[in-house]
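Here's what Swiss-Prot has on this protein:
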MOD_RES   Ser2  N-acetylserine
MOD_RES   Ser6  phosphoserine
MOD_RES   Ser8  phosphoserine
TOPO_DOM  2-187  topological domain 'Cytoplasmic'
TOPO_DOM  209-226  topological domain 'Lumenal'
TOPO_DOM  248-253  topological domain 'Cytoplasmic'
TOPO_DOM  296-307  topological domain 'Cytoplasmic'
TRANSMEM  188-208  transmembrane segment
TRANSMEM  227-247  transmembrane segment
TRANSMEM  254-271  transmembrane segment
TRANSMEM  275-295  transmembrane segment
Amino acid sequence: MSMILSASVIRVRDGLPLSASTDYEQSTGMQECRKYFKMLSRKLAQLPDRCTLKTGHYNINFISSLGVSYMMLCTDNYPNVLAFSFLDELQKEFITTYNMMKTNTAVRPYCFIEFDNFIQRTKQRYNNPRSLSTKINLSDMQTEIKLRPPYQISMCELGSANGVTSAFSVDCKGAGKISSAHQRLEPATLSGIVGFILSLLCGALNLIRGFHAIESLLQSDGDDFNYIIAFFLGTAACLYQCYLLVYYTGWRNVKSFLTFGLICLCNMYLYELRNLWQLFFHVTVGAFVTLQIWLRQAQGKAPDYDV
């Protein structure tokens, strides 16, 4: 029989469980799935906002939005469209009931356990398709899942549960590590946003001066072609610093220092065309953005909450 078995609401940044259904079974398979719940909660910050983990006879589905993740366990034959429609209802109700300040400042696990009442009512509706079919329209959800299907989490990415062996576990290098394409950075700070804007400004200034240098060269005013290259390299370096500030990539800190070195070299070559204040501004902004890239690291692992 296809059905929803349990659901949880978890804070993304640290895996703190905010609420959960309390009527789950105590079978061996269910207990193993609860351990997968715990492992997923530690990696939510590194995963896409819509995912599915298949664990044999059960599927774990979740969606994340505004720093909160909504996770559910169902049988493997439960329809995907109903599973994500169920999660969507939980999300809408939770956002309506609790503001972001409450969820961000919560310190105790299950501090919104009263939300379990809504989880239970919604779960009963979705486990009774006859009463459900006339009350919701699934066409939008079907279209959304077709256009943007949930990311399939492999056991390699999840790693092996502590003390748990699974027939679906496989040996692979780097198990438990999420690819950099799905890695998330810590929330941007005000200084990071300022650095991003200043780096864009420096890139724009370099680009404008580069076009002026091309114009001067065409008019045979004697500008060196190497100046044009230096201006455009400076533009590329500033834009790449913006990219590193926003997105996670391998060897990110090393790339940021190399990019800052390129900015310094370009400004050293352009010292005849810029005064000391201009040189100081460009180099200082480059150093500031490099610092912000170094400070804004990938979100770390969550504490070991018993989810």
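Positions of Cβ are set from backbone N, Cα and C atoms, glycine also.
Among the modified residues Ser2, Ser6, Ser8, the residue whose Cβ has the fewest other Cβ atoms within 10 Å is Ser2.
Taking CA atoms as the reference points, Ser8 (phosphoserine) and the residue listed as 'N-acetylserine' are 19 Å apart. For the transmembrane segment (188-208), the residues of the chain that approach it from at least six positions outside its boundaries are 231-232, 234-235, 238-239, 241-242, 245-246, 266, 281-282, 285-286, 288-289, 291-292, 295-296, judged by C-beta separation under 8 angstroms. Away from its own ends, the transmembrane segment (275-295) comes close to residues 189, 191-192, 195-196, 198-199, 201-202, 205-206, 234, 237-238, 241-242, 244-245, 252-253, 256-257, 259-260, 263-264, 267 of its chain (Cβ-Cβ under 8 Å, at least six residues beyond either end). Confidence across the topological domain 'Cytoplasmic' (296-307), taken as the mean pLDDT and rounded to a whole number, stands at 52.
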